[in-house]
Structure formats: C-alpha cells, structure tokens
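Q: Sharing a structure below in structure tokens format, with a few things to ask.
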Amino acid sequence: MSNISAFSVPMYSVNMADMETETPTPMPEEEEPLFSNLDLFLFTLIIGLFIYWFMSRKKPDPIPEFKKLETASTPTTRDTSFIEKMKKTGKNVIVFYGSQTGTAEEFANRLSKDAQRYGMKGMAADPEEYEMAELSRLGEIENSLAIFCMATYGEGDPTDNAQDLYDWLQENDDEDFSGLNYTVFGLGNKTYEHYNAMGKYVDKRLEELGAKRIFDLGLGDDDGNVEEDFISWREQFWPAVCEHFGVEPLGDDSSIRQYELKEYPDINASKVYTGEIGRLKSFEVQKPPFDSKNPFLASVTVNRRLNKAGDRHLMHLELDITGSKIRYESGDHVAVFPTNDTALVNKLGKILEVDLDVVISLNNLDDESNKKHPFPCPTTYRTALTHYLDITHPPRTNVLYEMAQYASDPKDQENMRKMASSSPEGKALYQNWVLDASRNILAILEDMPSLRPPIDHLCELLPRLQARYYSIASSSKVHPNSIHICAVVVEYKTKTGRTNKGVATTWLKNKQITDNGHKSTVPMFIRKSQFRLPFKATNPVIMIGPGTGIAPFMGFIQERAWLKEQAKEVGETVMFFGCRHKNEDYLYQEELEEAEKTGVLTQLNVAFSRDQEHKVYVQHLLKKSKEHLWKLIHTNNAHIYICGDARNMARDVQTAFYEIAEEMGGMTRTQSTDYVKKLMAKGRYSQDVWS
Amino acid sequence: MDTTSVSNGAVPAYEVKEENLSPEDLSEMLAAGTKQVHEKAENTQFVKDFLKGRIRKELFKLGAVALYYTYKAMEEEIERNKDHPHFAPLYFPAELHRHTALARDLEYFYGPEWQSQVHCSESTQCYVDRIHQVGQEDPVLLVAHAYTRYMGDLSGGQVLKKVAQRALKLPPTGEGLEFYHFDAIHSAKAFKQLYRSRMNELELDMETKKRVVAEAVKAFTFNMEVFDELEEIGKTIQEEVLDAGMPVHGEMGGDISKCPYYAAKMAASGGTTYACQMAMAMLRHPTGQVLFATWFAVLAGLAAWYLM
C-alpha cells in the first residue's frame, strides 16, 4: 500500500464531507474548465485511496481467525526464550516439532489445541526458533509438559529444523533435567531401516538426562497409517496426562462431548438408516460400482461345514456375485460387513435401561469438521449397536476414562481412571482386568454395576465396526460369478467364564443358504491383493497354507487346473498343507487328493500335527523335501507363497527356508537371510498372513 | 545369529562375489543401472525445493499438466501393447493407470474447461514423442518408461503427496492429489514386489535387458528436462508474486493475473493498456470495488457541483 505513490503527489486535503456539502473548495479552474479524463481519474483515485487508507487505519481489519495456535507465521517478537513466552502467555504445555513435510508440525498444532480440553494451555514451537537449552528450566512452570513430535528423515536423521536440538541433546550432559516432564511421538516409516530413530532417540536421551517421561513413546508408521497411529496414541495420552497432574478435564460433562444428541420421535422411516454403509437405501437399490463405501449384497449359495469332527467349526461359503459386475482374481481378498450378535445388543439395551428403538442422531459440535456423525445418522441405537459399532473388542483406555464420570461408586470411578493412566499399577490393572480377562463393554458394565453411562455418550466413544477380510478361495477363471470363503469360527471361553464369539465368523456361520423362500445376503466388496500366481504358467509354484491358510491356494489350484485344460504347459505345482487330525480337519481333502491324482498338484504334502506323539508341522515337511525344493527355487525360478498364521507358522517356515538354503546352497545364516530377503523383494516369496 | 557355514564337502560354499553382483534379473539391473541418474533427479533444484515445501501452486499445476500428457501417452501405448509378450506381464490398468486421476486433478485446478486451457510444453512433448515412438516401434522399451514412472510414484511419490497437500493447502479429501492416490493398491510395497517379479518373467536376452536399462536412464533424463523447464517458468513467476502486497491481501491462490501490483508493475513498465488491466484487476478485488465506488461517488459529486 505504501508503494502506491499517493502521497508524493501534491494533493488537496479534501474529505468526503466537504465535497458533499456545497462549500466550494478551491478548485483550480484554469483555462480548461474540466480536467482531462486521465487527470480526473487519477485525482479521484488518489482521493479514494486516501479515504480508503484513512478508513482502514481507523478500523484495523481483523486478521483471518486463527482458531488454531498455528504459529506458522513468523513470530514478530525476536524472543528465543520459550520459557519467557510460556510465562507471558500463561501456557504450561509446549509441543516441539521436528518436521520436514509438515505432518509432525500439524500433529504438534493439534496437540497444543487439545490441551485446552484438559484444563491446560498449550503452544506449538519450532525447535529451530528457540533456545532449546532452556528445557532444563521447564520446571519453573507449574504443571509443565514438553511434548515432542519428531519425524525421522533419511537414514535415521533428524529433520532440518531439529538438527540443532539433536546436536544439543548429544553434547549436553551436565544440565539438570529433573524438572522436565516430557513425552515423545515419533513419525517414521517401517520400510526404512532406521524406523523412527529420532523419536526413539529423543525419548531415550531425555530419560538418560534425568527428565521424567509422562507417557510412552508413540510411533507413527507412514507406511501404514500414521494418522491412525497418532489418534490412538493421543487418545490414551491425554487421560494419562490428566491422571499425572491430578487435573480434571475442564467444565461440565458436555464440554468433553464431541457430538450432540438429537432425537427424532416423528421422523419418516424412509429417512432412517437401517444398516447401510454408505448412501441411504443403498441396500434396497443397488447400483454399481461396488466398493468399500457401497458394498454389494451377495446372496449365500453354499454354507457347509468343512471339518468332519472336532469341536471347532470350519466352514466353506459361496457368495453369488452375478449381475454385480464385480471382477476378482485368485489371491484377492473379499471384505464383508458383519453385524453384531442380537442377543448381545439386547443385553446392552437392558443393562443400560434404554429403549433401543428410538431414532436419534449424533451431530458433530465442531461445524468445520468433515465428520458430521460418528456413524450414519439418523438411525436407532439398535441399528448403531448392531451394524455400526464395535461392541466385542475390549474397550480402549480413552473409553474407560471418559466413562469414569458415570460410575456412582467412587472406588469404581477411581479404578476406571487408574486404568486409563500411564502409571504402572494402572497399566497392570487394565492389562489384567480388561485385556487378559477379555472383557468387552457388556462384561465391564455387568462387572461394575455402579457404572451406567448414557447410551448416546457410549455410542460416541465406541469404535466403528470394521469390515473383515478373507482370502478368496476360488479362481475367477473357473467361478467368475461366485466367491468362495474358507474360515474358522472364533469362539473361546474367557477367564471370567463368559464365552466370546468372533463377530464375522459367527455371523457367517449363521447365514442360511438362499433358497426359494429365504434370501440371505452378505454385504461385500473386493480388495485387490498382490498375492498372484506367476504370469507364466510354466513357472513352478510352492504353496504353503496350513489350516484356513489353504484358502487362496484353492483358487490357485483351480486356476492351474484350468490352464492345464487349456492345453497350456503348466510348471510344477507343490502344496504343503497342515492340520491337526487327518480324520477331523483335513480341509478340502477330496479336492486336494483329486488334484494330486490328475497331476494338477505335482506334489501334495500334508502334516497332521496331532496324529502322533511328536508335533509334525509344514516346516518339517519342507525340510524333508529340501533337495527338490532347492532345485525348484534356485534353478527353476519357483515362486513361493505362504498363507495363514503370521505369528508362528510364517516365521517357522521362513526359518526352514533359511536352513534349506544353508544346507543345499552352502550359505551362512547371514547369506541365507539375504537370499530370502532378495526373493521377497523380487516378488518370488509372497505372504498373505494374519495374526 | 551368524552360524558357521554348514557346508559339507559336496556343496561349495555360497559365493556371494561371483553369482550375485552382476545380476541377470531385469529388476535388479534396472535398479542398479538407474541409481546414479535417480540421485541426479532427486538433486535438481525443482525437486529439492518441492521436498522442502517450496512449490508454488502455479508450478504444481503446470507439473500436473505435464504429468497428464506423459501418462496419457504412456497408457495409450500400454493399451496398444497389452498383449505383446514383451509387455503383457506388466499390464495392470486398474492398479496403475493415472490419466483419469490426472484429468480429475486438472479439472479441480483449472475448472471444467481445463482441456482448452492446458497445453503440452516443449519438454513434455519430447518425452511424449519418445514414448509413442517406443510404443510403436520397440515395445519392450516401454517397460523402461513404465518402470521409471510407476515405481517412482509408488515410492517417493507418496512423500510428494504429503508435501504438496501441506504446502498448497489442498483439501484433506484429496482433490488435486488423486494422481498420488492408488485406489486399487493396498500395499505399495507388495505391489512393487509383484511388479518386479513380473519384469523378471519377461523373456529377454541380455542385450535387450541392457537396452531397457539404457531407456530407463533416458526416461529419467526426460523427466529432468521437464523439471528444468518448470524451474525456468518458476523464475519468471517468482518476482511478481512474492512482491505482491496490498493490505488485507487474502489468498490470491497464486493467480498472477489477479494481483493488482503485478498489473501495476506492468503498467509502470509501459503502456496504457496495462492501466486498463490494472483497473480491471482492481475492480475484481473487493477493496478495488470500494475504491471504485468511492471514486464514482466523488466524481458524481464533482459533476453535480460543477453543473449546478
């Protein structure tokens, strides 16, 4: 503005008022009665600009609302003392960020904003702009806390703006950090070797220097979902902080709520959600394309028990996708949207003494948020608890913390809060009473009779019911319109004597076959995987899939058979399967033996773990075939596929391959590990495993 | 963890030196053969600035335009060669193809008439021509181009997405960045492994593999030329936008033509036509409108006074 040379031109100090009243101000009337157009234009423009400038001086325009404490704008004060700044502005929480691409900075901003909800005042700070040596002085501020959001860059390095902090931490030994309360959240990426090195370093180093860790190091994985990691960590962090400082969350109950309850006693039924995942009525009127937001209702055409005996229930289902235009490939996953057990939902309604069939809506109090409701609204509590909310997993600590206020017994309240805190006793109590005992929300309500939260708050706190994924057990070449599932029903007795059942597997088990009278449907969609047969049929494949891990290989075997029928030359197809007893749970025995007979399977190896004194698993059979396998892998370019249990089986099988490489290829353990790692990188060793 | 070598007399100890340092797998040859040029590309000014969040919206948009023409050409040639034995194993249209996503991004940036507003720059055209050439004359070399772009998009490309979202304040719902979002790929890591296995399934002699690697290096070079071109354009935009200042400026969105100071500067450097442009620019700005109204009122007052 000051550039516009309004003031270098001699001007008449005219103001609007004067002009409008008739007092003639001395207007230079020379030989030309009128100014030239350009003169007039410039003249009045200058006046206008002056008036505008004048007016804007009087009323300074408000800077666009900075609701967030985004100190992204350069600080006008040259103050590099964050202690002084905190004292001056009454802050007790400071969130430093080591950020390269802005994610850590964003998290830092969100955390500093959060502080308010818990009766504290926070600010985000760039360590590059402050004198970090002041960290040892943080104790001067009462109830102070330093949070560090540290991203790791490159080969385990600090981000540019955290370089100085890093250097300083390394060099300084003699400061007294006992007054410093801190927590660290690290941002990294698991595909890199030095995963979260910076976060881990800061967390460890501050402890070494004598500072007090208030909450566990959080690790965000950008290869997975760093946002989710952050949110989960944050949800447990704040309750722990409140516990530590003995601080109560600000204000009355409703200020902690994110959503506001609204009831709809007279609403038209056509406007109410009855379990749809996406668009209203999308389960009545189905429109392709079908995906996670718009699942297809596939009817169940087959649902049979796979095992001949034993107390588990293994099942084979077939879903009809005719007319859906859905395409899949063997190795892909089918995702299904299950519903909770009706009895469980009813019990919840009873114990909370509510009418589950009122139509309600939970509306976000934050207008700016993209998430208007926690689940599709308006709907009934019954629908929410059945279709939209997870009521079977043990609740997380933040849920306990927020519900504590509803326990009328002070001892119960104390225990709830304790379990949400980061104290060792609290953690142990939570581990013991909630996790080890597998208590779900109903169990907690039953075992803590004084705890009676309002159902709407509970609905706000419970996580969403997730879709479940199953490896497809069919080949689209052979079954283009049918998707097969192989699964085992999850059911177990808990320490409290209750029986917990898996949501999706129980729901699938109870799906009746569609026949003339009755139509049973499963809302589903396909998630493409990268678990694929080789492009060339001549490539040998080695498949290892004990138990329900056999699923994708049924698809692979069907496809190899189909290729053979097309008179294609098909390479060796080797199967390693394992189960407990030959006469009980040898899944797909007929199909597998048939495939062996017709030569589709060039080798079928089955381990029956409990049919003899000592345990026999697939990895033992692998070792038995080491010569043949080594030839296929090292010479014939075989692709290896593993499917099933991640924790033990996958690891044991990998070890077996190391041993084979060592014994047959003369390698050391290091070399064999490298060899297998290379096979993985080149896509010749694929895993579809679950824990 | 390191056990002693389990080798009996019959099995020779595993010789790392000989067997694996000159790999025959195309995926390994490509990785090794492009390592140097990849580093070079990472170190161009344009990319370095981008990674630091120093990317102006106008440049980002032009970058998206360049990508659009590139991928349109590449995916056309891929479609043409989808059954060709030298490309078929790598045909993953649902997982990889980007030109539709790019079209959506361009619509977001330029509006519904984007097609008539964008054009293919010189460097991009060179790249596009080469892609069409190999697609039609020597399809195996198409592998090199697909490798260079798609593998990159699934790796560092994901980092660029986050940077761009933050730096350009793009909505969290993903508009403007659909290029970076591979809807049908659940795990980039697993997909890259699959892609590598497919590259290695191509039946090629060593001579051809070497040619593919050489073409990949060429592809990197084409990309760098596009970066350099963008960098040059960036220099001409730089001055005006950074100097721009009017009180209560608000977010202009990097659109230079809207900046009155830019127009004013143009006016200073010559011509009354620019005064008009400046006036028009001022009129579009709300304070300009206030000024105009003020001026008009004053003018009316003057005229009234004079005429009375």
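Glycine is no exception: its Cβ is also placed from the backbone N, Cα and C atoms.
Feature table excerpt (TrEMBL):
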TRANSMEM  A:34-55  transmembrane segment
DOMAIN    A:93-238  domain 'Flavodoxin-like'
BINDING   A:99-104, A:151-154, A:187-196, A:Asp222  FMN binding site
DOMAIN    A:293-534  domain 'FAD-binding FR-type'
BINDING   A:Arg312, A:Thr548, A:Ser609, A:Arg610, A:Lys615, A:Val616, A:Tyr617, A:Val618, A:Gln619, A:Asp652  NADP(+) binding site
BINDING   A:Arg468, A:Tyr469, A:Tyr470, A:Ser471, A:Cys486, A:Ala487, A:Val488, A:Tyr492, A:Gly502, A:Val503, A:Ala504, A:Thr505, A:Trp690  FAD binding site
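Are these features on the surface or tucked inside, and what touches them?
A: DSSP assigns A:Ser99 (FMN binding site) to coil in the three-state reduction, outside any helix or strand.
In sequence order, A:Val488, A:Val489, A:Asp585 make up the list of same-chain residues 6 or more apart from A:Arg312 (NADP(+) binding site) whose Cβ falls under 8 Å from its Cβ.
A coil conformation is recorded for A:Gly502 (FAD binding site) in the three-state DSSP classification, outside any helix or strand. Around A:Gly502 (FAD binding site), the same-chain residues at least 6 positions away in sequence with a Cβ under 8 Å from its Cβ are A:Val489, A:Val490, A:Glu491.
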Q: Kindly assign A:Gln619 (NADP(+) binding site) to one of the three DSSP-derived states: helix, strand or coil.
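A: Its secondary structure by DSSP: helix.
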Q: On the 0 to 100 pLDDT scale, where does the domain 'FAD-binding FR-type' (A:293-534) sit on average?
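A: Mean pLDDT across the domain 'FAD-binding FR-type' (A:293-534) comes out at 93.
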Q: Say you check the Cα of A:Asn189 (FMN binding site) against those of the binding-site residues A:Ala504, A:Ser609, A:Lys615, A:Tyr617; which is nearest?
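A: Spatially nearest to A:Asn189 (FMN binding site) by Cα position is A:Ala504.
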Q: How far apart, in angstrom, are the most distant Cα atoms among the FAD-binding residues A:Arg468, A:Tyr469, A:Tyr470, A:Ser471, A:Cys486, A:Ala487, A:Val488, A:Tyr492, A:Gly502, A:Val503, A:Ala504, A:Thr505, A:Trp690?
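A: Of all Cα pairs among the recorded FAD binders, the widest measures 23 Å.
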Q: Look at each of the binding-site residues, A:Ser99, A:Ser609, A:Gln619, and point out the one with the fewest other Cβ atoms around it within 10 Å.
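A: Across A:Ser99, A:Ser609, A:Gln619, these binding-site residues, the one with fewest Cβ atoms within 10 Å is A:Ser609.
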Q: For the binding-site residues A:Gly102, A:Gly154, A:Asn189, A:Cys486, A:Lys615, which ones lie near chain B, with a CB less than 8 A from one of its CB atoms?
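A: Correct list, in sequence order: A:Gly102.
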Q: Distance check, please: Cα of A:Ala504 (FAD binding site) against Cα of A:Ser609 (NADP(+) binding site), rounded to an integer number of angstrom.
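A: With distance taken Cα to Cα, A:Ser609 (NADP(+) binding site) is 27 Å from A:Ala504 (FAD binding site).
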Q: Tally of helix, strand and coil residues over the domain 'Flavodoxin-like' (A:93-238) according to DSSP?
A: 65 helix, 35 strand, 46 coil
Q: Are there any residues at least 6 positions away along the chain from A:Tyr470 (FAD binding site) with a Cβ closer than 8 Å to its Cβ? List them or say none.
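A: In sequence order, the residues whose Cβ lies under 8 Å from that of A:Tyr470 (FAD binding site) (at least 6 apart) are A:His333, A:Val334, A:Ala335, A:Val336, A:Ile485, A:Cys486, A:Ala487, A:Ala551.
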Q: Let's check the environment of A:Val488 (FAD binding site): how many other CB atoms sit within 10 Å of its CB?
A: 18
